[in-house]
Amino acid sequence: MKFTHLFFIGLLTKVYTETVTVLSTRSYRLATTESTPTDGTVYLTLTRQQSSSTSLNASTITTPPSNSSASVQTTAVTDCHFHNSVQYCVDGYGNEGSILPVPTNTNNLPTSYDGCHSHDGDTFCMDGDKEVQFVKLEDEDDEESSSSSGKKCHFHAGVEHCVDDNNHDAVTCERVKRDYDIPLRIGLLFVILVTSGIGSFGPIVLKQFVNLSQENYIIVIIKQFGTGIIISTAFVHLMTHAQLMWSNSCLKIKYEGTGASITMAGIFIAFIIEYIALRIVNARDTGKVDKKEIEETSSNEQSLHGISVNDKISVMILEAGIIFHSILIGITLVVTDDVYFITLFIVIVFHQFFEGLALSSRIISITNASLSTKLVMALMFALITPIGMAIGIGVLNKFNGNDPSTLIALGTLDSFSAGVLLWTGLIEMWSHDWLHGHLRNSSFVKTTVALVSLILGMLLMSLLGNWA
């Protein structure tokens, strides 16, 4: 019996002291040992080695003690390199992962990050005074996640909106530090300027040189397409963005009708300005012409709701609503994360061109304004979005889209602009042309062309709402 015990003791001793060979096709790190002075536990640290087999002595392999307060056992990630513009690094356990946010300028980037620590199960490291996130490859749930693993993020009006895997809001109200490609933004500012100018000046120049009548098919197509653009902008872009602002979890407003109330105020203010202008015009005309002449002129030139759509005041109200939200477009485009910037920029280019076309289609209809006045109105639209972009570049390193004051400012302007555009789009443009204008008794062909143009404007602008 004693001999048997000695035999098993010897066998166990032999097994525990033998060298164990691990075969793998992956790159492992050379095993080194480090002992702690407190409990004598031996830890295994790996260093990279290109080899198909690595020998590890079983006596040096022990499992480190679990620590519920931290999931990161090292304080640095090293061997950082690039694959397809994404920076990958390796942590102390040989796990490869990517660095978020994705850097836009790949020059002079560090090959390692230190000061690594854990927040809610996620690993963060320091790049100077900036914090970056290290996400292990097996933990990445979505390639489009810009904030952290398990989050799906996108930008609406410059504000990042994130949801987790259960479609619950995953919003941080603190400012997120990002690297912005400022030279790119400055260069594309001029592209927006040119595109907006083409849209706003194009119809004016066309009518000036070709001298088309208001009932010409080209003018009808431009005007009805523009009407569809304005209607879609109000409903799909402004009201949707405003609702996202007012429903943001960082904004503690209990009244759910805030955005709709401000939109209603925008409609009322647009109406009251136009009504007062009408009363002033009527009072001025009463002293000059017979009341009968006023009524005859009104039946031919004015719509039943009180003021001619061709009047300068009406178009100025329309332009005011467009300008309010165009300056926001410039600001929010610039502060968008680089991952989404180019996509949003392309959408905004089309957005500004279509909206400039819509505004200009009404500017050319003004009968009581000179050419210079029309050109100034077109120039104001062309400049306003680049001005917004310049403001955005100036506040780039301070902007926090989830700050309550920012949300209130953006939400108020979006809601108010929606109200103004709803009044001008529905009353001054759509209703006037179709119920009280020349399209009321137009031919079947012209009616069909106008209707298709109207629907096309709505569809295209609504489609852009998927990205902007």
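All positions are counted from 1 along the displayed chain.
Placed from the backbone N, Cα and C atoms, the Cβ positions cover glycine too.
Note that the coordinates shown come from a computational prediction; the quantities given were computed from them, not determined experimentally.
What Swiss-Prot says about this one:
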SIGNAL    1-17  signal peptide
TOPO_DOM  18-185  topological domain 'Extracellular'
CARBOHYD  Asn57  N-linked glycosylation site
CARBOHYD  Asn67  N-linked glycosylation site
TRANSMEM  186-206  transmembrane segment
TOPO_DOM  207-217  topological domain 'Cytoplasmic'
TRANSMEM  218-238  transmembrane segment
TOPO_DOM  239-257  topological domain 'Extracellular'
TRANSMEM  258-278  transmembrane segment
TOPO_DOM  279-314  topological domain 'Cytoplasmic'
TRANSMEM  315-335  transmembrane segment
TRANSMEM  339-359  transmembrane segment
TOPO_DOM  360-374  topological domain 'Cytoplasmic'
TRANSMEM  375-395  transmembrane segment
TOPO_DOM  396-406  topological domain 'Extracellular'
TRANSMEM  407-427  transmembrane segment
TOPO_DOM  428-447  topological domain 'Cytoplasmic'
TRANSMEM  448-468  transmembrane segment
Give the one range among 258-278, 339-359, 375-395, 448-468 whose Cβ atoms make the most pairs under 8 Å with those of the transmembrane segment (218-238). 448-468
Can the transmembrane segment (448-468) be said to touch the transmembrane segment (258-278) if we require at least 3 CB pairs below 8 Å and skip pairs under 6 apart in sequence? no
The topological domain 'Extracellular' (396-406) - residue tally per DSSP class, helix then strand then coil: 3 helix, 0 strand, 8 coil
Looking only at the topological domain 'Cytoplasmic' (428-447), what are its DSSP counts of helix, strand and coil residues? 17 helix, 0 strand, 3 coil
Selected stretch (most C-beta pairs under 8 A with the transmembrane segment (258-278)) from 186-206, 315-335, 375-395, 407-427: 407-427
Hey, which bits of the same chain come close to the transmembrane segment (407-427), Cβ under 8 Å, at least six residues off its ends? 157-159, 227, 230-231, 233-235, 238-239, 241-242, 245-246, 248, 250-251, 258-260, 262-271, 274, 305, 314, 317-318, 320-322, 324-325, 328, 332, 401
Long-range Cβ neighbours of the transmembrane segment (315-335) (under 8 Å; 6 or more residues past either end): 157-159, 185, 192, 230, 233, 237-238, 266, 270, 273-274, 341, 344-345, 348, 351-352, 355, 359, 362-363, 365-366, 377, 380-381, 384-393, 395-396, 399, 401, 410, 413-414, 416-421, 423-424, 428-429, 468
